[in-house]
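As recorded in TrEMBL:
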type	residues	note
DOMAIN	8-100	domain 'Ig-like'
DOMAIN	105-192	domain 'Ig-like'
DOMAIN	204-287	domain 'Ig-like'
DOMAIN	295-382	domain 'Ig-like'
DOMAIN	392-486	domain 'Fibronectin type-III'
DOMAIN	487-583	domain 'Fibronectin type-III'
COMPBIAS	644-657	compositional bias 'Polar residues'
COMPBIAS	663-673	compositional bias 'Basic and acidic residues'
COMPBIAS	730-739	compositional bias 'Pro residues'
COMPBIAS	740-754	compositional bias 'Low complexity'
Amino acid sequence: DFGRSSELAFVVEPSDDIAVQEQPLILYCQVEGIQPITITWRKNGVMILDSENAFMLANGSLYVSRFQRVRGDGSSDEGEYDCMAQNHYGLLVSRKAKIQAATMSDFHIHPQNAVVEEGGVARFQCQIHGLPEPVILWHKNSMPVNTDNERYTLLPKGVLQITGLRAEDSGVFHCVATNIASVKFSREARLTVSGSHSSVYKDPMILVGPENLTLTVHQTAVLECIATGNPRPIVSWSRLDGRPIGVEGIQVLGTGNLMISDLTVQHSGIYVCAANKPGTRVRRTAQGSLVVQAPAEFVQHPQSISRPVGTTAIFTCVAQGEPPPQITWLRNGQILETSDHIKLKNNNSTLSIYGINQADEAIYQCLAENSAGSTQASARLTVLWADGLPSPPQGVRAETVSATTIQVSWEKPLQNTKEIIGYVLHIRKAADPVEMEYQEAVSKSTFQQLVTDLEPSTSYSFYIKAYTSRGASKASEVTVVSTLGEVPAMPSLFIKVINSTTVQATWEPSIKLGQHKGFKLYYRKVHLSQYTGPVLLASNVTAYNITHLDASVVYEVKLLAYNQHGDGNSTVRFVSLRETVERTVLNPPCDCMKDEQNNKTSTTGIIIGIHIGVTCIIFCILFLMFGYRGRLLMCKNVQEQLSTPQIPRSQRSTTGLVLNGATRRDRDDRDLNGKQLDINELERLFPASPSQEQQEKGITLAHSLSAPHDETQISTLPLDEFSIIEEQPDPLPKNPPGSSPAAPAPNHGPANEG
């Protein structure tokens, strides 16, 4: 019975058709499978009874003697037909066949008179609706148009194009539409070819561009594009997305119409027609979209399966098409209703039946349908049942032990217990779907099981099956029980000192807390027994500021979570504000604006001092070059401020020091002789320890006399504390050889105050 020949299946299914009024119609249906097989027909879901007008033939096909679009009673033979086949194993439904009446309307677009100059382009159009699509032919002067003339192009939608017009093209044109329903003629239109070919330049122009088309695979698409201009423009085609159009099945009709044969879904896109002036980049464009639909077809068919009672059956049905098809499941010809043990997943591509029993044995069908067509596939579920299997376990009871534990107990089946090899306990949250169920195996001598790791305050369902080597028993009765409630766990708690009277308590909400309604916060001075609080906080609050505290004592802060079952364990923290107060006293807050201003003033003074110092050095060098005795930079209270004189950059490498305008010759002589200035004399002139007041004003000369003069030292001199003195041009007396030069007494009466 499980061979392919035993499966109930369609050999021939009814197909879509267009019927002719008052003519007979036959819809075919052929089935194979285990006899006896009964075939019936439906139209729009309603059973068709044999009558004089419609009856079933011996081979299962449906015969309609005189098809009528509208009958006298208002009914119609148009509609969706399907055939149903049934045998002992189930019922099967064919695909739906759409039957329409052949029709033809009147022309709603007729050709129009046209006057075109010689060498130009003429276009006539007529349109008419009909089923099937009418074939439109053109006549000129009551004679069929010569289609062998390459200047004449006939498009399927009723368009006639004539290029390179000549005088002999003038005449009267009309179109003839034909299908199985009727033949109709359009009105006539006259074409007049005037004048001779003009040589005046005309920009390229597209007279008619492509229309938006929606077609089905394997049909033919014609995208029209007719352009004019002088010189005659070149028509080219491209896709807006940049993909190549390709060459397979592509043909150009006339001077620029694009025809695509044997359409596929890949041909869908936006097509651009361009009219280009020869030899230039001047062009005009027009575009139209092409949508190619594909009827639904199966990528994966459902497979017939056999499963023991109590197990799970899964059918998979994958279909494709354009637009994507909708999938519907049938059970013995009826739409399948989902339930706790019947689930549809993956956009209805997967059918799962949990805990199957004999009532689930049937033929299951997958129907895939979109706007381009429909298809069906079927599979059979056989439920295996062995004789002598145990009856269901008896007396299933469940008792709550704690918030996370339930004990389940049962009694052995009443019948066929000798072959039992064990039991399986099926566990599921009562609110979860069947597929979330899990199992625990139990030995055949055990009649109770402690189920742990459950969630507090949650309902669970349990049932038992007894297993043998040949299969499982039916499921026992289901029992439902809830776990006990549980108080929340301890929350984490952190304390942050804000200031001398305020601390902030923060905590993190955690799943480990479980279900909780909120938090309670307490605090107290450690030497007191009574808490302040509780402060009740919502479950979404994670911080609280405790204010108006005494900085001289230590505080205890306690936090706990609570719910309807009571208070959880608390978390305790201790905090002292004394250190914060001491830090505040020792480190008073700085006046940042004042410090910033002082920094700016100090920086400005340094920059000005550097500029003035460099200027003075330059002046000294100039006066020395012109023979003056020199200028000396005199600072107020120099004896208390300076420890080392400034050395000009030009004298970095010298070993001596020039004072009070010594001539360059004397200086050079001293350099050559390697003589050094008496250190004691310099220390007398420039005391080593400046006063505290001068240090605060930033007047320093940090160069040591005993160190080599290998770099320039720059002094910082405030503008209000130095003077420039011009000395009298008395020559310095010559000193005995080997003695130190005597420094003249400084004159504190400045001639020019700096």
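Glycine is no exception: its Cβ is also placed from the backbone N, Cα and C atoms.
Remember, TrEMBL labels are computer predictions, not curated facts.
For the domain 'Ig-like' (295-382), DSSP puts the residue distribution at 3 helix, 54 strand, 31 coil. The residues of the domain 'Fibronectin type-III' (487-583), classed with DSSP into helix (H, G, I), strand (E, B) and coil, number 9 helix, 48 strand, 40 coil. At the 8 Å Cβ cutoff, the domain 'Ig-like' (295-382) and the domain 'Fibronectin type-III' (392-486) share at least 3 close pairs (sequence separation 6 or more) and count as touching. Each residue in the domain 'Ig-like' (295-382) has a pLDDT score, and their mean in this model is 92. Each residue of the domain 'Fibronectin type-III' (392-486) gets a DSSP state, and the totals for helix, strand and coil are 3 helix, 47 strand, 45 coil. Helix first, then strand, then coil: DSSP counts for the domain 'Ig-like' (204-287) stand at 3 helix, 44 strand, 37 coil.
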